[in-house]
Structures are given as C-alpha cells and as structure tokens.
Amino acid sequence: MALVLILQLLTLWPLCHTDITPSVPPASYHPKPWLGAQPATVVTPGVNVTLRCRAPQPAWRFGLFKPGEIAPLLFRDVSSELAEFFLEEVTPAQGGIYRCCYRRPDWGPGVWSQPSDVLELLVTEELPRPSLVALPGPVVGPGANVSLRCAGRLRNMSFVLYREGVAAPLQYRHSAQPWADFTLLGARAPGTYSCYYHTPSAPYVLSQRSEVLVISWEGEGPEARPASSAPGMQAPGPPPSDPGAQAPSLSSFRPRGLVLQPLLPQTQDSWDPAPPPSDPGV
C-alpha cells in the first residue's frame, strides 16, 4: 500500500511542480492582468490591504508573485475575471513589489499569462522628508515672481506649503509627479517657507516637514535652518478635506514623532483647497 501511494505521489509531482513554476508565453497569447491595492499603495502598519488582480478574460486560477520567488506567494482559484488577495494588519516587512498572473485550465500545465505591471506597496509610519527649493533662486529682484518646488519621492501625492507666521496652509496642490510647484507673486514673495506632502486619501500618511527656505530681496541674503527651530512654524496639520466632505479623524493620520495641529475653519482669504490652474499664487 505504501509503495502504491509513493508511486501516485511521484506521478502527480510533475503536474504540481509545473503549476507553481509558471511558464510565461508571448504577450500576444495571454494579455497581462491589472493589479491594484485598496485602500491605497501607501499605508501605515496595521492596516488591512486588499490586492486585486483583474484579468481581461475569465480565468480559473490567479497567482500573486514577489520578485525573486518562483512560486506564487498566494493562490486564488476563482472562475471569474477578478481575484482578491487579503493582507491583514500589514507590517513593513510585507511592503515591496508585487505582480499577479492568471491562467486557464485549457492552457496546459505551468502556462500563465503575462505578469501584471509592478505594484509597489509601502508600509510606513511617515513618508520621507521632502526638499524645498526656489526657482530660479531664493534671492529675487524687487517685484519678481518666484516658484517654490516641494519635491518628495512618490507620485500622486498632495503637497502643502506653509509660511512662517501664518497658521493655515498657504497653498495646496495635488500632483501626479513626485513634486509640486507653488507660485509666489513678487511683492509678497519674501518670507520663510516650508512644505510637506501626504497621501491624498485616508488612511493618511504624512511626511516630515521640509527644512525651511528663506526668500529675500537682493542684498538681504537668505538663510536656512531646520523647520523645527523656525519661530512660528508648527508641525504639519492634518490634510485638508475636499469642500463639503467631512474632515477625517485626527487620530487616523497622526504620524510618529509629529504633533498635529487641527486646521482652523478656512476662508477664501486664508486657504483655497484647490486653486485653479490660473491661480498666480499668493
């Protein structure tokens, strides 16, 4: 009996082995699926994340892969175009790059679709500190306009500009690029500025505040110092909500090491949460 069982296992092993060691055909054969993350690709530790793999045609089996691993990290056997992979209470160790593939039973052993585009999951308490620079430079001629660029490391983030002595955010931009530009009119450009960025939706993850940047008239000379030592500068407040939307709970986006100050009720004079493209700045 034991000999029969061993022979059966040896017979099944090639089929099982080829199923977890995928053979990828040319792209024209089986188009790649789409891989997305809910609630976001950037989350804080402890959040439940769902990775969704959507195939362009009904499939039978889906596999979730990480680079350097031959076998799928997770399997889902579903007779549909969508499979969900659940990552509960994620940790920083679960961050990284993911891809997914799908296959059908009539494709033969080990044949999978083209892999999806890369999805990078970032699990962190706070985002890296951005840089703040002036274009063309921090020393401007009288009446000249200046552009401030707040640059982070991630695309599709929301950027906030602060000015020393002003409690409310000065300008707010959402950018598909890993940076955002803020235009200051020459007559009001001189001053001390800092910026930060955050994920555009809850659960919010905030960056550290940038170092301050001093804009001055020619002959005055700029100076730079850490934002934490700048008088009148507060730690980043919570991301402003969309007009008409309920502001998220402050505790839902409190990053480690930051003391968040709630935003005061905003007026058109103090804050425009979504300046139009033609807005010349402050």
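Easy rule for this one: first residue shown is 1, then count along the chain.
Just so it is clear, glycine is given a Cβ too, placed from its N, Cα and C backbone atoms.
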Of C16, C100, which cysteine does Swiss-Prot list as the disulfide partner of C53?
C100
How many other Cβ atoms are found within 10 Å of the Cβ atom of C53 (disulfide bond), counting all protein chains shown?
27
For the domain 'Ig-like 1' (22-116), mean pLDDT (0 to 100):
89
Counting across all protein chains present, how many other Cβ atoms fall within 10 Å of the Cβ of N145 (N-linked glycosylation site)?
13
Inter-residue C-alpha distance, N145 (N-linked glycosylation site) and C100 (disulfide bond) (nearest angstrom):
48
